[in-house]
Amino acid sequence: MTAPAAAIRRLDAREPEFLATLDALLAFEGGADARIDAAVSEILRAVRTTGDAAVLEYTRRFDHLDVKSMVQLELSKSELKAALDSLTVEQREALRVAADRVRVYHERQRAESWDYVEADGTRLGQKVTPLDRVGLYVPGGRASYPSSVLMNAIPAKVAGVGELIMVVPTPNGEKNPLVLAAAAITGVDRVFTIGGAQAVAALAYGTQTLPQVDKIVGPGNAYVAEAKRRVFGTVGIDMVAGPSEVLIISDGSGQAGWVAMDLFAQAEHDELAQSILLCTDAGFIDAVAASIERLLPSMPRRETIAASLANRGALIHVDSLEQACAIANRIAPEHLELSLDDAEPWIGRIRHAGAIFVGHWSVEALGDYCAGPNHVLPTMRSARFSSPLGVYDFQKRTSIVQISEAGAQTLGRVASILARGEGLQAHARSAEMRLHDR
């Protein structure tokens, strides 16, 4: 079989039209798909109306599982343990090491309640409370990712979520033991073998068997993403993620083959994934391009990689690392690699990135699985205003207001003036009724 061509655009940041070309390269519109929109709308309506019956029907239709009740689609704790026990020693150890590292990192994120007391006895504070119940969607079939279980379940558990319910499709009854083992290791409370928009609907609205959750997290296909988008407001969601992204900043000090493979690691996700190199050394860019040509034929997913690099990839020559950092902040990538011998001084120049991987040894793939920080990161330039998934996404904050009698005298007058200025007389009088000299 002929290997696919490894075409990837070459750009020069000194060209007058560079920024316009870059913005066009970055532009990604998922686009409204009328077929997906209509299908998801009908599925949500059916599940909301009939509950278990609709979920069973869609599971029969899409996953080819013909069961009589939702009880048959729930896995027991013993089944999860059996999946864990079925793994090789190496697989079990890898899952445990990764889980431990993710847990240690996320334990540092746990927010605590606080308060303070003013001179007149007024107490103000913030109460931090974990969510009661969270739903975790995990893809099934060919796209089975135990790492997604670790990255979503562990921060929820660290936050103290009361109940964590996982849904994972099992087409034709095929279960992925790594995914179920990850659920066992992380302490997922309940697991249902359902998927698609019907699983999102069941989590969002509740059914006769599956209770309504407060928030839904986890990746999925276009139907899952659209369902999450539609149920937002009824429940919380983590994000609606776009294609995976990596941006590598290099001064030519690394190994070209390493950089090429790091670009591949994103490109193999799908044809819309984005892999970009910013480099000050034109000769090194040539070496990376040559490495891409040399290494691509050996990759099992070479067709996907080639299409991704051709569609949305770029090798960009920049004048300086200062310019590279400015461009990086414009891109606001999901993953940013500082592939530099002396990377530390440049961390402070980066304002917008989901995660920064510092130095030649900090390969992004380690962050996907076992470094510790979360791999659920903002995409599509949303790192300008959003953050990685973390413990804080599974906690909520409540303000505590305890006004003393003395405090009510001072604050009551302030509130009265402002309320009357807004034309809200009941607000003003409510405050004034607490005043001693009213």
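A Cβ is built for glycine as well, from the same backbone N, Cα and C atoms used for every other residue.
Per Swiss-Prot, the feature active site, proton acceptor maps to Glu334 (among others); the stated evidence is sequence analysis. For Glu334 (active site, proton acceptor), applying a Cβ distance below 8 Å and a minimum sequence separation of six or more within one chain yields Ser244, Glu245, Val246, Ala353, Gly354, Ala355, Leu377, Pro378, Thr379, Ala383.
What Swiss-Prot lists as active site, proton acceptor is His335 (among others). All protein chains considered, the CB of His335 (active site, proton acceptor) has 26 other CB atoms within 10 Å.
Under the heading NAD(+) binding site, Swiss-Prot lists Tyr137, Gln198, Asn221. Same-chain residues at least 6 positions away in sequence with a Cβ under 8 Å from that of Gln198 (NAD(+) binding site) are, in sequence order, Ile43, Ala46, Val47, Ala54, Val55, Tyr58, Thr59, Phe62.
Among the features that Swiss-Prot reports, substrate binding site is placed at Ser244, Gln266, His269, His335, Asp368, Glu422, His427.
Taken from Swiss-Prot, the feature Zn(2+) binding site covers Gln266, His269, Asp368, His427. Using a 10 Å Cβ-Cβ cutoff, His269 (substrate binding site) registers 19 neighbours. In three-state terms derived from DSSP, His269 (substrate binding site) belongs to neither a helical nor a strand segment and is classed as coil.
A distance of 13 Å separates the Cα atom of His269 (substrate binding site) from that of Asn221 (NAD(+) binding site). Most Cβ neighbours within 10 Å among the binding-site residues Asp368, Glu422: this distinction goes to Asp368.
Closest in space to Tyr137 (NAD(+) binding site), of the recorded positions given as Gln266, His335, Asp368, Glu422, is Asp368, taking the CA atom of each residue. Spatially close to Gln266 (substrate binding site) yet at least six residues away along the chain are Ser244, Glu245, Val246, Ala273, Gln274, Ser275, Ser308, His335, Glu364, judged by Cβ distances under 8 angstroms.
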